[in-house]
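Asks: Below is one structure. I have some questions about it.
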Amino acid sequence: MTELDPVLMSRLLTALTLVFHVIFATLGVGVPLMISIAEFIGIKKNDPHYLMMARRWTRGFVIPVAIGVVTGTAIGLQLSLLWPEFMQVAGNVISLPLFMEVFAFFFEAIFLGIYLYTWDRFKKPMMHWWLSLPIIIGGGLSAVFITSVNAFMNTPEGFTTGAGGFATVNPLDAMFNPATPTKVFHVLASAYLTVAAILAAIAAFSMLRKKHTEYHKKALKLTITLTFIFSILTAIAGDVSAKFLAEHQPEKLAAAEWHFETEEGADLVLFGWLGDENTPAGALRFPGLLSFLAYGDFQSEVTGLEEFPEDERPPLWIHYMFDLMVVIGFFLLGVSLLYILAWKIKRWNEHNKWMLWLLVVSGPLAMLAIEFGWIFAEEGRQPWILRGYMLVEDAATTSPYVGWMFLLFLGLYTVLGVLGVAVLRKLFKNNPAEEELEKKYPTIEKGDNK
Amino acid sequence: MSYEIIGITVLWIFLYGYLIVASVDFGAGFFAYYAKVTKKDHIMNQLISRYLSPVWEVTNVFFVFFFVGIVGFFPDSAYYYGTALLVPGSIAIILLAIRGSFYAFENYGSKKSNVYMFLYGATGLLIPASLSIALTLSEGGFILEENGVVSLDYLALFTSPYSWSVVVLAVVSVLFISAAFLTFYAARANDQAALKLVRKYALFWATPTIIAALTTFIALGQHNERHYQNMFDLWWMFGLSVGFFIIAMWLIYEGKRFGLAFISVMLQFFFAFFGYGASHLPYILDPYVTIYENATHEATGIALIVVFILGLFLLIPSLILLMRLFLFDADYVKGKK
């Protein structure tokens, strides 16, 4: 194990930490918005169901937040421990958003602490709701700043190099590099989408397991509406991201689409496999659609992989990551639309078993799409850590112990994951929403069970 | 003032902030476990559930701030420390992870298991011990660069009297700071039985703190002559530190004004920590990294300082709000809210 190449092991350990961390980072960005919306509706409508929703989501939120803080600290340190040469460069140019991210998180952490522990300490309930805003803003800004660092790795700008280092540096240009706007839009929209879908999945699952109570129906209606809205926004974000790639990072789009030769009216290739001499086989082909995706015109010319030297091309398997992400995105849009139609058309029962099962699988699928999307984004940048400037293999630590650290962190994340799930189960298993509602709000109308 | 000096001052302030708030947290873990073993665990549990649980994430951010900031202001330190600290740094992350998860998993509405309480107490001592290694390394002689390869000389580190005296100093300081805070907190909560106990802890840990500080000072003299001499030039800062220590001890011994006593302890460590830091300059890592030769690009440095100042306008009121709700609200501390 210790004999393994430090570059490979550094990549694996970073991947391990990020695959684990992104789950909690996504929840950390998205859940506060859902809690805040539920609490707001609850206060305005004076409806204990929504207030209870906000309370229960908050209670569950504490666990992933803690894991997110821990894994976030881990990745923060691992960047320097595993990629010292990269951070040496990054420190000069792109440390501004990293620094700002810590501020944003600081802000979020302070108000999260206050929000969690002050449910009944204010006379006016709206006072408590106001405290949720800094959490949403802090979490959202954290995502913005960190994403801008990742964007910088894809399209580094804002500096010029001279003899022996950087000649000029413009931290703001580095932060607002060409990849930042589309990436930030995509990350935020998909985080809110994913969290809405997961909360919907939980409500749907409870309805399948037990009775169809008013609480879960309201939770489902709220979260599916949000899923629908954010899946449209995510689709738009995906579209502008593709247009960005076509313009600024064409090799990534070409590898994702198995698009080898530069041509006009390029086809969109869905799934399939690569035959001899890289000819896609067994794929669904949509004539001209890649050109449309890339430039909004079915006839436009899309750059192919052939234009890049072989050792600067991303691995071709990212095609599957890209396709899976996109397919899941449209699946979420379709399922949420179906539910809303069934809900509005009176003759249909939106809470039939099949509909609920579709919603249950939507939650985990949404999180998988986040993972696929990030794997696509990171692998699609290979072999660069800073596109055009620094190769991944030149940036890694030379320490021979990375293999052992990989095992150590694998153990840590396994324990954290298992304990996290166990604690969440314990928190909610013997504590159904209906009982808690009656305890907390004895005046609530009985008989809302169907 | 140059942006390099402002940068290192900002970082040092955050590290000092971490030193204080994290010591309270780490020491509480140890005392909580000790109290559980000796069956006197009331006030510690109240402190943990009513103060430390709401703020542990904030405590953690002080540390993240420091290490993100040092990479930003002095990127070369990322290269040297990053390469050398892979193993100790990873171990520190694991320890912080165990501790962070305690607040979420154990303290959140479920019973406290003995294993977790033990881990919570143990990490309270092991984290400061492992983080203090970074300060030891900064004195030079342990991180080596040969033919462009940076490595850590573990044998030298583990056989150095200086490195062990820093570890001891870190651990006993944590216990002393924490005990002084607990004394204030117990007095605030008006819990006489607990006050009697934690006041005894504070008085007890004062002596080892001073002895360890002197031992470390002497060991540093043998390890890094330059730094040692610089400290003499700043003798008045260390004199003030000892002065505030005496004030704190007198107040705690007399059993009055525990809040002022804790502030004195904070000032004691403030002067010692800044005296140590100022005499360390210009080196961040002796002899490879200095604040002047290895600072970030000026444009980045200035941008970071501007953001820092703007950030303070946001953070300070928020921190005050947090403290008012969880620390200075007497009813809350007494458990009435």
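Every residue gets a Cβ built from N, Cα and C, even glycine.
As annotated in TrEMBL:
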TRANSMEM  B:6-34  transmembrane segment
TRANSMEM  B:55-74  transmembrane segment
TRANSMEM  B:80-105  transmembrane segment
TRANSMEM  B:117-144  transmembrane segment
TRANSMEM  B:164-189  transmembrane segment
TRANSMEM  B:201-222  transmembrane segment
TRANSMEM  B:234-253  transmembrane segment
TRANSMEM  B:260-279  transmembrane segment
TRANSMEM  B:299-327  transmembrane segment
Asks: Based on Cβ pairs under 8 Å, which of the stretches B:164-189, B:260-279, B:299-327 lies most in contact with the transmembrane segment (B:117-144)?
Replies: B:164-189
Asks: With the transmembrane segment (B:299-327) as the reference, which stretch in B:6-34, B:55-74, B:164-189 has the largest tally of C-beta pairs below 8 Å?
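Replies: Maximum Cβ contact count belongs to B:55-74.
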Asks: Quick one: do the transmembrane segment (B:55-74) and the transmembrane segment (B:6-34) reach 3+ CB pairs under 8 Å, ignoring pairs fewer than 6 apart in sequence?
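Replies: These two stretches do touch.
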Asks: Give residue numbers and ranges for long-range contacts of the transmembrane segment (B:164-189): same chain, 6 or more residues beyond its ends, CB-CB under 8 A.
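Replies: Same-chain contacts beyond the flanks: 19-20, 22-28, 30-31, 43-44, 46-47, 51, 124-125, 128-129, 131-133, 135-136, 195, 197-199, 201-202, 204-206, 208-209, 212-213, 215-216, 219, 248, 252, 258-259, 261-262, 265, 269, 330, 333-335.
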